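Database features, via TrEMBL:
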TRANSMEM  16-38  transmembrane segment
DOMAIN    20-225  domain 'Cytochrome b561'
TRANSMEM  58-78  transmembrane segment
TRANSMEM  90-109  transmembrane segment
TRANSMEM  129-151  transmembrane segment
TRANSMEM  163-183  transmembrane segment
TRANSMEM  203-224  transmembrane segment
Amino acid sequence: MDNSPPPPSALNNFRILYLVTQLVGITIIVLVSCWIGIHLNGLGWTSNPAKEFNWHPLLMSVGMIFLYGNSILIYRGFRYARKKPLKITHATIHGAAFIFTVIALVAVFDSHNLAKPNPIPNMYTLHSWVGLAAVLLFSLQYVFGFAAYLFPGVREQLRASYMPVHVFFGVAGFVLAIAAALLGLLEKAIFSVSNYSALPPQAILINTIGLMYIVYGGLVVFLVTERQYKRHPLPEDVMLLTHSASVGSS
């Protein structure tokens, strides 16, 4: 296996694409905020279930899209940082994304259950099923990843053998989150934009957000799977790994 560092041209390309990815992610949050503020009457809580729902697309975009993507990219984006601080940062961003996701789920269930005059049924659409699958996979990834890589005493061989599984299901969960977001946008457009086929401003904005989800998701998956952009261990990482292995075998 080739362990040589990537050529400077590859790193320059990575930096450009990484910056573009961040700009697209920030654009998503801005566009979703504009959609909520201009077309969905802003934010609220249980006293106004319709406005409480609006936390759901906003916080899911921040947590399960933007933060999740950045958590996946942290090792390649900060390739010259030491491994242990990157692990902690990776787990912290995942934790923040989880908190946003929980609040977003509370908001959507509240908005359905408190709707007047009649509550709205829960968990019957494809969006809700795919979204729940993404959240469950994300949560399991967080638990198993924390146990494998931050819990003391786990053998290095076990961590190394679990790594491909952790990477695969991390990317799979992110792709599921993008799919759920697209289905959610379509569902909201069909339910709330009466003349959707005529492409009023709200419909154009919703479609644009959906395209931004796809671009962001594609960039994240490309950056994290392209072999040229892989982070190579720093000398201190190798020393720490060797020390851990010697301690474990003593």
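Note: Cβ is positioned from N, Cα and C throughout, glycine not excepted.
Automated prediction, rather than curation, is the source of TrEMBL annotations.
What you are looking at is a predicted structure, and each value in this text was computed from that prediction instead of being measured.
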Spatial neighbours of the transmembrane segment (129-151) far in sequence, C-beta under 8 Å, 6+ residues away: 60, 64, 68, 87-88, 91, 94-95, 97-98, 101, 105, 123, 158-159, 162, 166, 169-170, 172-173, 176-177, 179-180, 183-184
Long-range neighbours of the transmembrane segment (163-183), counting only residues six or more past its ends (CB under 8 A): 57, 60-61, 64-65, 68-69, 72, 125-127, 130-131, 133-134, 137-138, 140-141, 144-145, 148-149, 210, 213-214, 216-217, 220-221, 224-225
